[in-house]
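Here's the structure we're looking at; comments come further down.
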Amino acid sequence: MERGRGRWGSVSRGMLPLLALHTVSEYCRLERKPPVTAGLLAANTIIYLRPSFLDPFLPTITEVWFNPHLILKYKDLKRFFLSALYHVNESHLVYNMLSLLWKGIQLETSMGSAEFASTVAALVAMSQGITLLLAKSLLLFFDYERPYYKEYAVGFSGVLFAMKVILNAQSDEYTYVHGLLVPTRYAAWAELILIQMFVPGVSFLGHLGGILAGLLFLRLKASYSGANPLGNIIRGLTHALNWPLRFVKCLFRSQPRISGRGTVGGRQTRNTSQLWRCEACTFDNSGWLSVCEMCGTSRTDDGLLSLSSTDEIQDLSLEELRRRRIQRFGR
C-alpha cells in the first residue's frame, strides 16, 4: 500500500504498454490461462484508467482512501474493501501488477481458479482488518495517532505481501531481495524492512498487515480440515454461469456413429463398455452388436445362434470367415 501524497493520477510515463506487453507475453506461453489473475489485473488497471463510461459508477480515490479513523468512525466498508484496488500513480500500479502477475500465476495454477479466488477475497479482508487493528492498537497503547491511525493509503501490495508469504512458506532455498541474500521463507520480512528504508511514502502498517494475514491464513488452513466454504460458493457460481455454454455445446455435439469395425486380435485399446471381443475369432465388435460381425458368433450372454465349436473357427482362414459372414448377413 502507498500513502497519500499529492495529486492522484499523475502524467503517464508510458509504463502501461510495457505492463500489457509483459502480461500478453506471459499468458501466451502458458498452456492454461489463469482467469482470476487476468481479472484482477484488468480490474485494477481499469479502475486506475477510469474510462468515461464507468466514471459515474466508480468512487473517486478520495472516497476510498484506507483511513482507520474514518473507517471506524463512520463504519465505512467502502474504504475498507475498495482501497486495495486503487493506486496513486502509474508506477505504483505497474509495480504491483507485475508482482501480481507472477504470484497470481503461481498460486492459481497450483490451487485452481475457484480456490485462488476465495483465497484472494480472504486475504483482502484479513490484511485490511489486521492493518486496522494494528492502527487502533498503536493509538490506544502508544498514542500513535497521526503516523498510523489517520494515515491515508491505497494499493494491492498488502495482499501481495500475503501471497508472498503463502508462496514461500515451505521453501528451504535462498533468494535475493534487492541485492540481499536471505532465506526465501523470510523474503517478505526482508522486503518489508528494505522498502521502508529506501522507498518513501509506503505504508508500513499496510505491508505488515499483509504479512500477518498470510501467516494467519496458513495457520487457519492447516488447522481446518474441511472444504473451503467460500471456495465452494465460488465453484457453484462458476458452474451456474457456465451452464448455458454447456447446454449449447450439448445441442451441437455430434452423435456417435455406430460401427462394428474393430481390430482382430491385438490388445484392446478402447473402453470395454463400448467394445466386446469375440471368444471365437478375437474380433473386437461394437457394444451395439450382439453377434460378431466377422464370424457370426453370438455374445456369451446372448442366446443367439453360434458356431458349434471355437476350435473349428480357429482353424478357419480369414477368407472363409468373411465368406461365412457374407452368407449369414447377405453383405
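Positions of Cβ are set from backbone N, Cα and C atoms, glycine also.
The domain 'RanBP2-type' annotation in TrEMBL covers 272-301. If you average pLDDT over the domain 'RanBP2-type' (272-301) in this model, you get 72.
Long-range contacts of the transmembrane segment (122-142) within the same chain, counting only residues at least 6 positions beyond its ends with a Cβ under 8 Å from a Cβ of the stretch, are 1, 66, 68, 71-72, 80-81, 83-84, 148-149, 151, 158-159, 161-163, 203, 205-206, 208-210, 212-214, 216-217, 230. According to TrEMBL, the transmembrane segment annotation covers 122-142 (among others).
The transmembrane segment feature in TrEMBL is assigned to 187-218 (among others).
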